[in-house]
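Okay, so here's the structure we're looking at.
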Amino acid sequence: MTINLQQLTALLPLLIVMFTAITVILSISYNRNHFFIAVFSILGFISSFFSLYLLTSIVPIDITGLFHIDSYAILYIGMIIISSISTCIFAYPWLVKYRFNKEEFYLLIIFSTLGAISLIISNHMASFFINIELISLPIFGLIAYSNNEKYSLEASFKYIILSGIASSFFLLGTAWVYSVSGNLGFISLTQILKIASENEQLLVLFGIIMMLFSLFFKLSIVPFHLWTPDIYQGTPLPVLSFFSTVGKISIFTALLHFLSHIADSNNRILYFILSAMTVLSILIGNFMALFQDNIKRFFGYSSISQLGYVLIVLLASDKNYTFSLEASGIYLSSYLFSNIAFFGIIHLISNTNNKKFDHSISSYKGLFWLQPILSSILTIVFLSLAGIPMTMGFIGKFYILSIIIKENLWIMGITFFIGTILGFYSYLRIILNLYLNPSRSLKKDLNIQNYWFYTPSGIVIFISGVILLILGVYPNPLITLVRLSELC
Amino acid sequence: MLLSLLIIIPFFSGFFSFFSCRFNKNFPRWIALIGIFCILLVVMQILIQDNYYFFQTGCHPNWDRQLIVPWIPRFGIEFNIAVDGFSIVMLIFSSFLSIIAVLCSWNDIKKNTGFFYLNFMLVLSGVIGVFISIDLFLFFCFWELMLVPMYFLITLWSDQSEKKKIIFAANKFFIYAQTSGLILLSSILLLVFSYYHVTNILTFNYNSLLTQPINKHIEYVVMIGFFLAFAIKMPIVPFHGWLPDTHAQSISCGTIEIIGLLIKTAPYSLLRYNLVLFPFSTKDFAPIAIVLGVISIFYGAFLAFSQTNIKKLIAYSSLSHMGLILIGIYSNNEIALQGVIIQILSNSVSTTALCILSGQLYRRFKTQDMNKLGGLWSCVYWIPGFSLFFSLANLGIPGTGNFIGEFLILFGTFQQFPFICMLVTTGIIFSAIYSLNIIQKIFYGAYKKNFTIFFINKQELWTILALVFVLIFLGINPQKIIDLSYPSIHNFQK
C-alpha cells in the first residue's frame with residue numbers, strides 16, 4: 001500500500017487538521033495557554049480550508065481503497081470547516097468564563113472535525129464506521145462540557161447510550177452485507193445488488209437497512225428522533241452549533257454517498273422506507289415545533305424537519321441525480337449558515353447575560369427594540385428556515401420543490417405543503433415575538449454591549465446573516481460553486 | 001432605467017424612513033410621502049413618453065418598455081420587468097391610494113413610525129413589483145414579499161387591547177396567504193417544467209411561456225393552481241376566511257393597504273396570467289368560476305347585511321364586489337373586461353374611502369359596533385355626507401365609477417351568460433340593502449348617547465375629497481382609463 005504525492009496532496013486538509021490536533025495536545029501538556037490554543041486551532045482550520053483549493057485540480061481520486069475524494073467532498077469539507085471555525089470563535093468568550101480546563105474543548109472539536117472530514121471522503125465500510133465513531137465520541141465530551149449545568153449530564157448520557165446502540169446497528173448491518181459480498185468496499189455494494197440471487201439480495205438489503213437506521217438515528221429522522229429535543233436542551237450552545245451542523249451535514253453527505261451506490265438498484269422496499277421516514281420527519285418535526293416553549297428544543301424539532309426536507313433529495317431517480325446533488329448542496333449550505341447565525345445570536349445573548357437565561361421563547365420578547373441588528377439577523381434566519389423568498393432558505397426550498405415537481409412525487413408534494421405551512425406558523429410565532437413590546441425582565445437583564453458587533457463572534461454572526469440574505473437575493477455565486485463541483 | 005426606479009424608490013425610501021426615525025419623528029412620514037410622489041412622477045413620465053393611444057394587433061403582448069437583467073441563469077430566471085397600459089393604470093392607482101394611506105396614517109401612528117413606514121413601503125414595493133414583473137419567478141417573489149411586512153402592519157400597530165384576537169387574525173391572514181403562495185409556486189414550477197419537457201428550454205419568461213401550448217391536462221391542473229392561489233388572495237367565497245377578521249382587527253391605513261392594494265393584485269394576476277397563459281382550460285373552467293362569483297356576490301351581500309361591525313361589513317361588501325369582478329374576468333368578453341378594470345379601480349376607491357371614514361369614527365368613538373352608534377348626523381360634520389356618498393357609490397349609482405364598472409361587466413356578461421347576468425343584477429338590490437342599513441344605523445335615527453359635536457380636520461377632509469373627485473372622474477370620464485388599458489385588454493381577450 002503506497003501513497004504517492006498526489007494522494008498525499010489530496011489528504012492535505014486532513015493532515016493539516018491532524019497536525020493541529022497533535023500540536024494542541026503537545027501544547028496543552030507543556031503549558032496551558034487558552035488564547036494561543038484557540039488562535040492556533042482556528043488558524044489550523046483556516047489553512048486546512050485554503051488547502052482545499054489545491055485539491056480542485058486533482059479530484060476525483062482514490063486513496064488506498066478507504067477514501068475517495070470527489071469534488072462534492074470538497075464542497076462539504078469546506079462547509080464543515082466553516083462551521084468548526086465559527087464554533088471555536090463562539091466558544092472562546094464562553095470558555096473564558098469557564099472555571100475548569102478550557103483547552104480540551106478545542107481538542108475535542110478538532111478531533112470531531114477530523115472524523116467529519118474523513119467520513120465525507122470515506123469509501124469503505126471500515127473507515128465509514130470508524131469515522132462515525134470519531135465524530136460522536138468527542139461530542140459526548142463536548143455535550144458534557146458544562147457538566148455543572150442542568151440537563152447537561154443527562155443529555156450526554158442519553159447520547160452516549162443511544163449512539164452506542166446506533167453504532168451496533170451499523171456493525172450488525174455491515175456484517176450482514178459482508179456475509180454475502182465478502183468485501184467491505186462501497187463499490188462491492190453496487191455489484192452485489194446486481195449479481196446476487198434473490199435470497200442473498202434480501203440479506204444484503206437487511207444489512208443496508210440496518211446501516212441506514214443507524215445513520216438515520218444520527219440524523220434524528222423521525223422514528224429515531226426522540227432524543228433530539230432533550231439533547232438540544234441540555235447541550236451548551238457553542239457545542240450545539242457544532243453538533244447540529246458538522247454532525248448532521250457530514251453524516252448526510254455520507255448517506256448521500258452511500259445511497260448513490262445502491263440507487264440504481266431501484267429497490268422498492270428501500271424507497272418505501274425512505275419516503276415514509278421523510279414524510280414522518282417533515283410532519284412530526286414541524287408539528288412538534290409548534291408547541292415548544294424552549295427555543296433550544298424548538299430548534300431541535302425544527303432541525304428534524306429541515307433534514308426531512310433534504311431527504312426528499314434522496315428520492316430523486318438516477319436521471320436527476322446530479323440535480324439532486326446540487327439541491328442538497330444548496331440546501332445544506334443554507335442550513336449551515338442559518339444554524340451558525342442562530343446559535344451565534346442565542347449564545348451571544350445568553351452568554352452576556354448576568355442571570356441564568358432559561359431560553360424560553362417569551363424571554364426574547366421585544367428583542368428588536370433593544371437590539372435591532374441582532375434581531376433583524378435572527379428574523380432573516382427564521383425567514384430563511386421557513387423558506388420565504390429573498391433568503392437563502394427559499395432557494396433551497398425552491399430546489400426541493402423543483403425535484404418534487406420534476407419527479408412527480410405527489411405524496412412528497414402534499415407533505416411538503418403541509419409541513420411548510422406548519423413551519424410558517426411556528427417560525428412566525430417566534431418572529432412576531434421579537435417585535436412585540438419588550439418585556440421588563442429582558443430590558444433589565446439584557447446587557448449586550450453595543451460593541452458586540454466588533455467582537456469576532458459578532459462578525460461571524462453578521463457575515464452569516466448577510467450571506468443568508470445576499471445569496472437569497474442573488475444566488476448565482478452559490479449555484480455556480482455547487483455546479484462547478486458537479487462538473488469536475 | 002425608469003422602470004427599475006419603480007422598484008428602487010419604494011424599497012429604499014422605506015429603509016431611509018426607518019433610519020431617519022432617529023433624527024426626527026416626522027422624517028419617516030415625509031420620506032414615505034415623497035417616495036410615493038416620486039413613484040407617481042416616474043409612472044407619469046413613462047405614460048407621457050410612450051404614446052398609449054394605438055392598437056396592438058400582434059398575438060403576443062407588446063411591452064412598451066422592458067428591462068431585462070439576468071438573475072439566476074441556472075433556471076433561466078431573469079429580472080424582467082415591463083409595463084403596458086394596464087400596469088400603468090394599476091400603478092397610478094396604487095400610488096394614489098398609498099398617498100391617501102400615508103396621509104390617513106399621518107396622525108394615527110405615534111409609536112415606531114420608522115418601522116411602520118418601512119413595512120408600508122415594502123408592501124408597496126411588493127405590490128408594484130407584482131404589477132410590473134413579467135418573469136414568473138420574480139412575480140412570485142414580489143407576491144411573497146408583501147406578506148411579512150403586511151403581517152407586521154396588522155399585528156404591531158392595531159389597537160393593542162385585544163392582542164389575542166389580533167394575532168389570531170394576522171396568523172390566519174399569513175397562513176392563507178402562504179398557502180396561496182405555495183400553490184402558486186408549485187403551479188409555476190409545474191408549468192415551467194412541462195414547458196421544458198416540450199421545448200427543452202428552462203425559462204420563467206412570461207412571453208416565451210405564452211408561445212408553446214403544453215399538454216391539455218397539465219394545463220388544466222396548472223390553471224386550477226393559479227386560480228386557487230389568486231382566489232385565496234382575492235378572496236372568493238370558499239377561501240375568504242381571512243378577510244373579515246383581518247380587516248376588522250387592523251388599523252384603518254392597514255386596511256387601506258389590504259383592501260385597496262393587496263387584494264387588487266389578485267384580479268390583476270387573473271387577467272394577466274390565467275386568461276392569457278391558459279386560454280383553453282379557462283374556457284372550460286369559466287362556468288365554475290362564474291358560479292363561484294355568483295355565490296360570492298350573494299354570500300357577501302347577505303353576510304354584510306347581518307354584520308354589526310362596520311369594518312366587517314365593508315370587508316363582506318368588498319367580497320361581494322370581488323365576485324362581480326370574477327364574473328367579469330371569466331365572461332370571455334372584451335366589454336366586460338373593460339368594466340372589470342373600471343370596477344377594480346372604483347371599488348378600491350370607494351371601499352378605501354369607507355375604511356377611512358370608519359377609521360375616523362373609530363378614532364372619535366372608540367367603537368366599530370354599529371349598535372352602539374346612532375344618530376351621528378346631527379353631531380358630526382362632513383363624515384355622514386361622505387359616508388352616504390360612498391355607500392351609494394358602492395352600490396353603483398350612476399355618475400360614479402362603480403356604476404360604469406358594474407354596467408360594463410353586466411353588459412358584457414349578458415352576451416355570453418344572459419341568465420347569470422340577470423341573477424347578478426338582483427345582487428345589486430342586496431348591496432343597496434346593506435348600504436342603506438349601515439347609513440341608517442349609524443347616522444340617522446335617535447341619539448344612542450350624547451356625543452359632542454366635532455369637526456374633522458382639514459387634512460382628513462382633503463383626502464376624502466380627493467377620493468370623491470377620483471370616483472366622480474371615473475364615473476364621468478371612464479374612457480380615459482379604457483383607452484389607456486385597451487391594448488392590453490385586447491390582448492387578454494382573443
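Here the Cβ of each residue, glycine as well, is placed from N, Cα and C on the backbone.
Copied from TrEMBL, the annotated features are:
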- B:134-429: domain 'NADH:quinone oxidoreductase/Mrp antiporter transmembrane' (DOMAIN)
- B:30-48: transmembrane segment (TRANSMEM)
- B:81-103: transmembrane segment (TRANSMEM)
- B:115-131: transmembrane segment (TRANSMEM)
- B:137-157: transmembrane segment (TRANSMEM)
- B:173-198: transmembrane segment (TRANSMEM)
- B:251-270: transmembrane segment (TRANSMEM)
- B:285-306: transmembrane segment (TRANSMEM)
- B:313-330: transmembrane segment (TRANSMEM)
- B:336-362: transmembrane segment (TRANSMEM)
- B:374-397: transmembrane segment (TRANSMEM)
- B:417-439: transmembrane segment (TRANSMEM)
- B:460-476: transmembrane segment (TRANSMEM)
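Below 8 angstroms of C-beta separation, residues 231, 234-237, 240, 243-244, 247-248, 255, 259, 263, 267, 270-271, 274-275, 282, 285-286, 289-290, 292-301, 303-304, 307, 336-337, 339-340, 343-344, 347, 351, 354-355, 358, 370, 394, 406, 408-409, 412-413, 420, 424, 427, 430-431, 434-435, 438 of the same chain, each at least six residues beyond the ends of the transmembrane segment (B:313-330), sit close to that stretch. Within its own chain, the transmembrane segment (B:81-103) is flanked in space by residues 3-4, 6-7, 29, 32-33, 36-37, 39-40, 43-44, 46-47, 52, 61-67, 117, 120, 124, 127-129, 131-135, 138, 253, 256-257, 260-261, 264, 268, 271-272, 341, 344-345, 348-349, 352, 356, 459, 462-463, 466-467, 470, 481, 484-489, which lie at least six positions past its ends and keep a Cβ under 8 Å from the stretch. Here the transmembrane segment (B:460-476) has Cβ contacts under 8 Å with residues 96, 100, 103-104, 342, 345-346, 349-350, 352-353, 356-357, 360, 382, 386, 389-390, 393, 398-404 of the same chain, all six or more residues outside its ends.
Contact between the transmembrane segment (B:137-157) and the transmembrane segment (B:336-362) does not hold: fewer than three of their C-beta pairs are under 8 Å, each pair 6 or more apart in sequence. The recorded stretches the transmembrane segment (B:336-362) and the transmembrane segment (B:251-270) share 3+ CB pairs below 8 A when only pairs 6 or more apart in sequence are counted, and are therefore in contact.
Looking at which of B:115-131, B:173-198, B:285-306 has the most CB pairs under 8 Å to the transmembrane segment (B:251-270), the answer is the stretch B:115-131.
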